[in-house]
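For reference, Swiss-Prot has these:
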- 1-18: signal peptide (SIGNAL)
- 25-251: domain 'Peptidase S1' (DOMAIN)
- C31-C165: disulfide bond (DISULFID)
- C52-C68: disulfide bond (DISULFID)
- H67: active site, charge relay system (ACT_SITE)
- C102-C258: disulfide bond (DISULFID)
- N105: N-linked glycosylation site (CARBOHYD)
- D112: active site, charge relay system (ACT_SITE)
- N123: N-linked glycosylation site (CARBOHYD)
- C144-C212: disulfide bond (DISULFID)
- N156: N-linked glycosylation site (CARBOHYD)
- C176-C191: disulfide bond (DISULFID)
- C202-C227: disulfide bond (DISULFID)
- S206: active site, charge relay system (ACT_SITE)
Amino acid sequence: MVLIKVLANHLILQLSYAQKSSELVIGGDECNINEHRFLVALYHSRSRTFLCGGTLINQEWVLTAAHCDRFLMYIRLGMHNKNVKFDDEQRRFPKEKYFFACSNNFTKWDKDIMLIRLNRPVNNSEHIAPLSLPSNPPSVGSVCRVMGWGTITSPNETLPDVPHCANINLLHYSVCQAAYPKLPVTRRLLCAGILEGGIDSCHRDSGGPLICNGQFQGIVSWGRYPCAQPRVPGIYIKVFDYTDWIQSIIAGNTAVNCPP
């Protein structure tokens, strides 16, 4: 099973829910080797520990969750099996990191987003290609694809060597409001999962993409642990609501304000 719930291993929330770290997919299967050319893996530079997923959005920029940030980190692109390196796999380091100028932290969970500029651009190859930002907002009821190297079992964790993928449904925001009483009223979050449970993002899926109808619509952010509980969907950052900010940063306007 694909567990992609995000448990930030450096945070302990004093809330009724736990944040999913950058982690895995429960209830899924190994991803097709050709379906995740945009999926990247974030590692801690000193310990070489896998931290989170991320998404390559052009040759020089990666989008991930803010809670995945570490002072020293590197990024693997074109990776499938953690222990087997493709000829075209690339490694890059963050040159610049961008968060919202109006927020010094990401305790407001709808702002759990980080834009990373790579120290050198990457070229498209057999296992590397960017995923475009969404042109339209997602629709409730859409079938979405979630993926990552997060744990595939919960609460006892099993971290796989290969990414797992699973299909989940984009649910009405009220479903997550019922599951998480302290959830912000904001609509810049997406609610996605399977009401019956059994399929979910989980620990160390954080930062990875949620793809709905072929468009990059969400970033794995947080959820309840153990993962994949009935009527407790996962929370994802709504990428569409941040496209103007992302495009402004990429264009060089680093003083741009975040959305209200």
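The backbone N, Cα and C atoms fix where each Cβ goes, and this holds for glycine too.
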Among C202, C212, the one of these disulfide-bonded residues whose Cβ has the fewest neighbouring Cβ atoms within 10 Å: C212
C31 (disulfide bond) versus H67 (active site, charge relay system) - Cα distance in angstrom: 25
Position of peak Cβ density within 10 Å, selected from the disulfide-bonded residues C68, C191, C227: C227
